[in-house]
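Per TrEMBL, these features apply:
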BINDING   A:C183, A:C190, A:C193, A:C199  [4Fe-4S] cluster binding site
DOMAIN    A:33-181  domain 'HhH-GPD'
Amino acid sequence: MTHVLDVIGGMFPDAHCELHHSNPFELTIAVLLSAQCTDETVNKVTLHLFQKYRTPADYLAVPLDELENDIKRIGLYRNKALFIQKLCRMLIDDYGGDVPREHAELTKLPGVGRKTANVVVSNAFGVPAIAVDTHVERVSKRLGFAKPDDSVLEVEHKLMKLVPRELWTETHHRLIFFGRYHCKAQNPQCPVCPLLDICKEGKKRMKPAPNRKAKS
DNA sequence: AACTCGGGGCA
DNA sequence: TGCCCAGAGTT
């Protein structure tokens with residue numbers, strides 16, 4: 001596992017959170033918005049959004065329609081606008097206007113599940129965590145760190161056992177970059193992958209079965 | 001466990 | 001054009 005992380009680190013020396021933000025609150029909003037869409041799209045929206053809305057009260061000061069319109073370029077925008085206003089209401093009512101630092105409290109917020117909470121605690125509060133999104137899940141299963149039918153939670157636990165705690169967050173970032181830019185869902189770059197010799201899935205893909213459709 | 005939300009990216 | 005996606009909530 002350590003060897004794999006080193007190799008990926010060589011491929012992506014500057015792997016980091018790609019969401020634009022300047023504090024825990026903005027990060028929470030950005031991660032919530034990023035569900036099922038790319039960080040690049042989120043950044044285009046938050047560039048303007050974070051100029052207009054700076055505090056939880058700012059998000060509550062406008063009608064829901066207006067907030068929806070402000071994030072309209074992002075998929076699932078109606079759900080997310082509603083989540084944001086409910087979340088801001090909870091921050092003000094229950095947390096003194098600040099984003100809670102505890103994982104268990106974060107997951108109580110609407111629109112914040114396990115993955116989002118892990119990204120917030122690790123990336124905003126420096127708490128080691130491995131956020132398992134579909135990239136991390138896919139890569140972990142292809143490389144054999146988890147089994148094909150493992151749940152997201154099981155993948156997270158197995159990764160945590162394979163890596164020392166102080167490297168959890170870095171592991172998360174590296175696996176994300178590897179999955180997003182190299183070990184992609186549709187067209188994994190197996191022919192030029194430095195991990196091919198230790199990757200079962202990669203070897204399987206390099207010599208496809210005759211009855212399988214092979215893209216070329 | 002399956003369904004829903006939804007515009008963007010990519011073939 | 002059609003398919004899939006840096007998830008989470010509801011049933």
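A Cβ is built for glycine as well, from the same backbone N, Cα and C atoms used for every other residue.
Not measured: the values here are computed from a predicted model.
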Fewest-neighbour residue among binding-site residues, criterion Cβ within 10 Å, set A:C183, A:C193: A:C193
Counts of helix, strand and coil residues, the domain 'HhH-GPD' (A:33-181), according to DSSP: 99 helix, 0 strand, 50 coil
Residue among binding-site residues A:C190, A:C199 with least C-beta crowding, 10 angstrom cut-off: A:C190
Local confidence of the prediction over the domain 'HhH-GPD' (A:33-181), expressed as mean pLDDT: 95
Cβ-centroid neighbours of [4Fe-4S] cluster site A:C183, A:C190, A:C193, A:C199, 8 Å, sequence order: A:R142, A:H182, A:P188, A:Q189, A:L195, A:L196, A:E201, A:G202, A:R205
A:C190 ([4Fe-4S] cluster binding site): secondary structure state under DSSP, collapsed to three categories: helix
